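Q: According to TrEMBL, the protein carries these features:
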| type | residues | note |
| --- | --- | --- |
| DOMAIN | 10-464 | domain 'Kinesin motor' |
| REGION | 22-48 | region 'Disordered' |
| BINDING | G107, V108, T109, G110, S111, G112, K113, S114 | ATP binding site |
| REGION | 183-207 | region 'Disordered' |
| REGION | 475-545 | region 'Disordered' |
| COMPBIAS | 507-538 | compositional bias 'Polar residues' |
| COILED | 546-594 | coiled coil |
| REGION | 673-787 | region 'Disordered' |
| COMPBIAS | 765-775 | compositional bias 'Basic residues' |
Amino acid sequence: MATSRPPQNLFQVYLRLRPHNNSASTSGERFLSVEEPDENSDAPRYITLNPPNDRRRAIEKFAFTQVFEEDASQLDVFHCTGVANLVEGVLAPYGGEGTDALLATLGVTGSGKSYTILGSKSQRGMIQLALDVIFRSLSDNLLDCSSYPPLEQSITNSDPSEALIFSAHNFLDSVYADAPATFKSSSSRAPTPMLSESVGPSSNQHRRMNRPVAFPQQPDINALSVSCDPSSEYAVVVSMYEVYNDRIFDLLTPPTKSAATKEYRRRPLLFKPTETSPDRKIVAGLRKVICGDLQQALLVLEAGLHERRVTGTSSNSVSSRSHGFFCVEVKKRTRASRKHGDLPWGGNILTIVDLAGSERARDAKTAGATLAEAGKINESLMYLGQCLQMQSDATTKDKPNLVPFRQCKLTELLFSNCFPSASSFSSARYRNPQKAVMIVTADPHGDYNATSQILRYSALAREVTVPRVPSITQTALSAPAPPASPPPLGQLGSPPVHHRSFFAPPGSSSSNQPQHGGLLSSPNIQRAFSPLSGSSPSGDAHRSTMEAAALEIARLSEELEYLRQALESERSAREEAEAHLLSMEDRMIELEQAIREDCTNEFEQRLEIEMARWKTTMQIEMERGEEHWGRKIEVFERSLAVAPLSLPSTQPQSDYEEVDGEDNDKENILMEDMEQENERLKRENEILRREVAGMSPSKRRPLGERSGLGVTGEESRGGSPRPTRKDREKDREVTLRQRLENLRMDDSSSESQRPPSAQQQSRHSSPKKMRRLQTKRWNEIDDDDMF
Ligand SMILES: Nc1ncnc2c1ncn2[C@@H]1O[C@H](COP(=O)(O)OP(=O)(O)OP(=O)(O)O)[C@@H](O)[C@H]1O
């Protein structure tokens, strides 16, 4: 059924064949041949995959946007893939909104992906050429931090990705040693610092890189520039990150030393929508560098590449172990924006991706961590293959969800900007879907199985041609020669042509069934075989039987081929699963170790905090206790000193303690009063003694007349004999002692002996009043009773 608009692929897919070299990893036999361009195009678009030394396998034909043969130069690739057009879309000329652009390479390890993207010692790659075009095209419209210092702050304010923005000057000074070193070209990819023993990650802090003095100048594109918006001002912001083991790591942020493991590590970043970018996911927290010219951007690129994970395998001496993303954000705003209070920047992003290559563990001779990495790489490429296979459907049916791009970070990063921005976020500006170009690289003499697999899922269309199998039927067909003999099978017409998806996406059952005949769904491919030729009228019945037999044989052959391919696919899937399992085991161990270390650290920290808290509490308690006991002892000492004289004998000990506990002030006042009273009594006692001692015996009254002695005058006069003088003096002395004793007793118990009103009065009266009262009593005794 015809669709309302022609299907458009999310990616334009180009194939680039790399020149043959005689390394051990290549088989030597060429299995790819390029079809001549058809009348509609100047450049070839089809290739045929011929299984080497294996006639049982089907011959497959693949269609691409364009095929670059071995002799294609970097400049050819640059021009024909339309990188300049992508750049122009990013610069958004003539006041337009512009378009994000993506350029990626995909292929088997060692097939020339990095060469295409990054170039070599003498040749520039797509990144350098694209940067050259950008800076040349912007020329006077470009702002940089040296000519406009507030630029850094201005870009920071309007960046939606929680990024750390640096001026190139500051960033490069922190990365490179000042003295320019001997030149190392951009292709001289150092061993990954994190993996290298000699150049450890700590070198990032302690040993800075040598600043390259020159970069390759070829191919020369000095004459090339694209349009920009003359009424706007621009800023170029560069960032780099890699996807390693399905996690995103910034390549421009140096690794930091983990407190737990003492190892240098990078912090994985999130790919998420942010507050200022609610409709689109972006990599959050990257370090971004504002570059004012091409040289600065190339130096930033070198710094990032230095941190990218690469290692030597038997397939490639500098094999990329991660998917590398190089992003050039071209920020744009109208020239009037500065006058109106530093209005925010808009702009578009050019992302250039150097994917890690798929590889077979057996061929690459990888083991351990590198094998696990390969498992992750293959897995992510398998998901990418599924997405590429579904891309036509997605654009045709307007159902982006058909592309299962959320299965891994790589496909999320590559595909999530392929679709127009969601309209549900009214505040967000509308964004055009990105323009994307994929350059598939292949070595025609390399690994047949790995290459054919990549071609199957990356090609825009595919035809499978069943091989002719020499058989008894064929012999039978050619043997009986009727008068007008039929042509041999080869002349009957085209063999059956089939096309089907190699990958079976989850939930899809139809893709497992071979589909027969017909043109490929994509209009990009033409049927390559001639239609059925005419036949002799004689022997038609015989011929139709033979044709039916031949078709049956062809069908069975194809089924056999399909099963063989399915087996091959299952085998490689198993290998990938095993590698994945290994990598997951490694990751689990790593995670477990990290969690254990985190737990230990946290536990130790908490323990320290608890210990400190406990010690403080203990100290406070001890101080309180000492203070408390000090007070107790003080009170006790005072009570010991005062109690015999001042404490009423009737007052129970518990009461006293209660007073002590409840109201120390009252108690102290009482104590003081008692002490004063005691002192006063002592003094008065002393005075009394002295008075008594100073009195003449004649003035003293007889003992019987004195009160309080229990013997009245009458009693002493009646009956008993008159005492002698000596007896009288003795009695007087005894009486005086008793009086003194009574006085002491009387004094201490005066409170209880007084009438209630007097008691109340004494309780509320001052010590002075009490003294007066006592004095009065004493005077009374002195005057009336005592003598
Ligand atoms: N078109 C080409 N012309 C000249 N040399 C090439 C070309 N393509 C690749 N090479 C060379 O082949 C070797 C491997 O290429 P490269 O490193 O680009 O492979 P790759 O696909 O990036 O591998 P990996 O996925 O392992 O990183 C390099 O030495 C490179 O210079």
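Residue 1 is the first one shown; counting continues down the chain.
Placement of Cβ uses the backbone N, Cα and C atoms for every residue, glycine included.
Those TrEMBL annotations? Automatic predictions, nothing curated.
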Q: What binding-site residues among V108, G110, G112, S114 have a C-beta sitting less than 6 Å from any atom of ligand 1?
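A: Close enough to ligand 1 are G110, G112, S114.
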Q: Helix, strand or coil at G112 (ATP binding site), per DSSP?
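A: DSSP assigns G112 (ATP binding site) to coil.
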Q: Non-local Cβ contacts of K113 (ATP binding site) (under 8 Å, 6 or more apart, same chain)?
A: T105, L106, G107, S320, D354, L355, G357, I439, T441
